[in-house]
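Just below is one structure, and these are the notes that go with it.
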Amino acid sequence: MLTIGTALRADATRVMLLGSGELGKEVAIECQRLGIEVIAVDRYADAPAMQVAHRSHVINMLDGDALKALVEAERPDYIVPEIEAIATDMLVTLENQGHHVVPCAEATRLTMNREGIRRLAAETLGVPTSTYRFADSEERFHQAVEAIGYPCIVKPVMSSSGKGQSLIRSAEQLAQAWVYAQQGGRAGGGRVIVEGLVNFDFEITLLTIHAVDGIHFCAPIGHRQEDGDYRESWQPQRMSALAQERAQKMASDVVKALGGYGLFGVELFVCGDEVIFSEVSPRPHDTGMVTMISQDLSEFALHVRAFLGLPIGAVRQYGASASAVILPELDSDNVRYQELESALLPHTQIRLFGKPDISGKRRMGVALASAETTDDAIEIAKRVAASVKVSG
């Protein structure tokens, strides 16, 4: 039976967030609603989740010794990774020493590396994926591209938000694509994955919850990507009953193999009734921000319930809903937002993340909308996002 202590007291239930961006902020808020003591950690000060946490720390989370020292000092009941740039080998060590990593250290280690999760899905579980090859040198990269054929995509095995990814259509692009992949890798270079292009009708994120009362699914979320990042997402994404059944089976198999309780963002390609696995994140997903308006329990509330060992029961979806990112481009450490009065149309909401600065393009907020149809919800959310004026 779960017992939650009182925050800031000796018996407090403590959650340490490793990563304190906009997704971590919502997880922190859900923890606060249950009286949980929140410790927010990131590589920079005043990150969004730090603004709603009891305490915060700035460290290099890729430094295993620094991470270990902080965990030992704070003694959290739950360590909740919210980003991928973490010393995952140290998380494994900490888990072996008795610390609770969400959903588990092995899931975090496997999913931060495209090679780990691809081999688990395709080779261990036999899940359909794109054709692929791995390469750790420019020569082997050329061989991998030759084996896959054109067009193909190259990605660092360790990167996020589209960093280091290129679409290759001809041999003339190989040298530039290799250099870009090496620059975009999280560890400053290394192995890459070369993937064949997948013919698909649409992409979905299937939010899958592994909880004490079993596996649960949210309604499929459709989304549009640009430059490796999502721009709009919507729920529900219409798909055939057979495709949805296959998607749920695939997501369930992957999530169970990864292990641990929590919410997982499973990314899939859908073509007719066929479903192909893409990636999975063992944490709330950026495209899932639409659930802040589309469901009775957001993806963040579901994640917290699951890792605490609480039952999920059923998830109610309210109908056609969408999100659109607020993505200004400027340079400032004193960002201001205006025109909110005119931006807020009926049945819409805005979330401003409170990021302390911006250099170039940065996701600073999200617009949420509900409507009669998903197409209408998308257009309304885009209109709201575009109406928010951001200046420095």
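Keep in mind that glycine also has a Cβ here, set from the backbone N, Cα and C atoms.
Remember, it's a predicted structure, so these values are computed and weren't measured experimentally.
Under DSSP, Leu23 (N(1)-(5-phospho-beta-D-ribosyl)glycinamide binding site) is assigned to a helix (H, G or I) in the three-state scheme. Under the heading N(1)-(5-phospho-beta-D-ribosyl)glycinamide binding site, Swiss-Prot lists Glu22, Leu23, Glu82, Asp286, Lys355, Arg362, Arg363, citing sequence analysis as support.
In this structure, Leu197 (ATP binding site) belongs to neither helix nor strand by DSSP; it is coil. The ATP binding site annotation in Swiss-Prot covers Arg114, Lys155, Ser160, Ser161, Gly162, Lys163, Gly164, Gln165, Glu195, Gly196, Leu197, Val198, Glu203 and is backed by sequence analysis.
According to Swiss-Prot, the domain 'ATP-grasp' annotation covers 119-308.
Annotation comment: Swiss-Prot describes Glu267, Glu279 as Mg(2+) binding site. Glu267 (Mg(2+) binding site) falls within a strand segment according to DSSP.
Taking only the Cα positions, the spacing between Glu203 (ATP binding site) and Glu267 (Mg(2+) binding site) is 7 angstrom. Counting only the Cα atoms, the space from Glu22 (N(1)-(5-phospho-beta-D-ribosyl)glycinamide binding site) to Gly164 (ATP binding site) is about 23 angstrom. Sequence-distant contacts (6 or more apart, same chain, Cβ under 8 Å) of Glu267 (Mg(2+) binding site) comprise Glu203, Ile204, Thr205, Leu206, Phe277, Ser278, Glu279, Val280, Ser281, His285. Look at Arg114 (ATP binding site): DSSP puts it in a helix.
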